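Right, one structure below, let's go through it.
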Amino acid sequence: MGIAKIPAVLWLLACAVLTFAVAISPAHGGRTRRHYDFFITETNYRRLCHEKSVLTVNGQFPGPTIYARKGDLVIVNVYNHGNKNITIHWHGVDQPRNPWSDGPEFITQCPIRPDGKFTYQVIMSEEEGTLWWHAHSDFDRATVLGAIVVHPKHGDTFPFKRPDKEIPIILGEWWKNDVNHLLEEMKRIGEDVKPSDANTINGQPGDMFPCSRDDTFKVAVEHGNTYLLQVINAGLTNDMFFAVSGHRLTVVGIDARYTKPLTVEYIMIAPGQTMDLLLEANRSLGSKSNSRYYMAARTFITLPVPIPFNNSTATAVVEYYTGDSGAGPPDFPAVLPSLDDVDAAMAFLRQLRSLGSKDHPVHVPTHVDEHMLIDLAINFLPCNATNATDTACKGPKGNTTRFAASLNNVSFVSPAIDVLHAYYYGSGRGVYEDDFPNNPAPVFVNLTGDNDRPGVTKHGAKVKVLEYGTVVEVVFQDTSFESHPMHLHGFAFYVVGLGSGKFDDRRDPATYNLLDPPYQSTVSVPKAGWAAIRFRADNPGVWFMHCHFDRHMVWGMNTVFIVKDGKTPQAQMLPRPPNMPKC
């Protein structure tokens, strides 16, 4: 019987069974195996008084949560019953020696075609905490996404008070239009993508949006209990501030790496990032006290010009068990920063520190082998830069240009076959060039104003090749009018420095934190500022690095690190699986 003939209710029930009845195999090579089946399908969802068909996994939006323990092997069978090509990325999972299952389209694999199947082997290593998975093709991750929760190994414990309950909180965005139609229009006319119609918390916009109040996500809490909020910013275009009215939040992890406990009124979380937050349900339940509190997510935006942006805030409701059916409206978090509060964002980011305990030590490299300064730029190219007959261009600067983006003056263009395939078989010629520059071309950049760099870019698939074990320091220098969440596949890195203005290589390294810097896989590079990261290139393979604002990735703010094999078998990339999708 074809899947299309199964009644919708039975289909969703079957998917739910497959999602939650996860097979756990005996340990293999010291790893416990966990098995999941993901079915990509078109599913109708109604939001903001409007129904549309979206791609989902197992009919769910957000998709199913993957549960694992540190060091497990998670095997995910992906069946593409949708109407377009797709890939899945396991965001923040290092995947030691296994780029074959990392997921970015045309970087480590060709996409899974409609009616096709691919089995991902997701190798957990040092991660503990919250990560996530998402589509890594076009704008599909708007709805094809879900949480990954990695618990400590059996016998180990959290390095903080054990929570009474864990609650995944996925922050996202919703468009009334088809997101991939918006993507195609953006590419066709060279303009920015239309802003989303709503922010969401676990797929719901909340009480402040039309036709949404009945479905607002609710969290039931009991006085005296502790809750672990596993917060993920899955948005395509927006940094977000997040807070819970009447409650402080204690940050205990970021990107599945533990932090020193940091108690705050709010957080700022960039797209791609995850944070583990402890919430103490400690509010008084007296006769005059409210028992309902808003959990709120508001966009943080640094763009200098007015845009048609709906800055209403997504909300969920934290409700105390009181037995009072007549509880009043929830309180709103007055501490939530305003839409453009750069100081609030920087104040939060500067406080993050790695835990640095005996069981979770810090190993910041003190000697650097390879220094890289990478300019992050938004560019404007002539409308006919890539097509001499371009007549549809309606981009900025009086409809004479189209948007582009670059790293060190190079706008990355994905090849027709994946980079990993070409590298593995020694056939990179004509697929990629291995001369990504360590420094930007000398161009004057005014960081005191709202800068852009018209025309200072070229298209290409340039990659950076690293010897195994090389210690790399990358300084990201923002030269544009907004911040950039930079994500590196295959590695976590230490964020050793963060600052405003132009990086000074004589002065700023003296300000680095080499004692307990946060250990992340996505860093928010401040507008007209810089961020310095360090990592050891000890994971052989092909690894994508890109801005996690998806429109910037489409415009070319990407590159690839190729890490060569080391000398021992355990320092060499795993063999190519036999079932890789074909281009």
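In case you wondered, yes, glycine gets a Cβ from its N, Cα and C as well.
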Further Cu cation 4 ligand in Swiss-Prot, beside Cys547, His552, Met557, within candidate set His484, His489: His484
Swiss-Prot annotation, Cu cation 3 site containing His136, His489 - matching residue among His50, His421, His546: His546
Of the residues Asn310, Asn399, the one that Swiss-Prot lists under N-linked glycosylation site: Asn399
Proximal residue to His552 (Cu cation 4 binding site) among recorded positions Asn399, Asn409, His546 (C-alpha distance): His546
Cα-to-Cα gap, His91 (Cu cation 2 binding site) vs Asn409 (N-linked glycosylation site), nearest whole Å: 27
When distances run from the Cα of Asn384 (N-linked glycosylation site) to each of the binding-site residues His134, His484, His489, His548, Met557, the nearest one: Met557
Close recorded positions near Cys547 (Cu cation 4 binding site), where close means Cα within 10 Å, chosen from Asn409, His487, His489: His487
Counts of helix, strand and coil residues, the domain 'Plastocyanin-like 3' (436-567), according to DSSP: 10 helix, 58 strand, 64 coil
DSSP helix/strand/coil residue counts for the domain 'Plastocyanin-like 1' (39-155): 6 helix, 59 strand, 52 coil
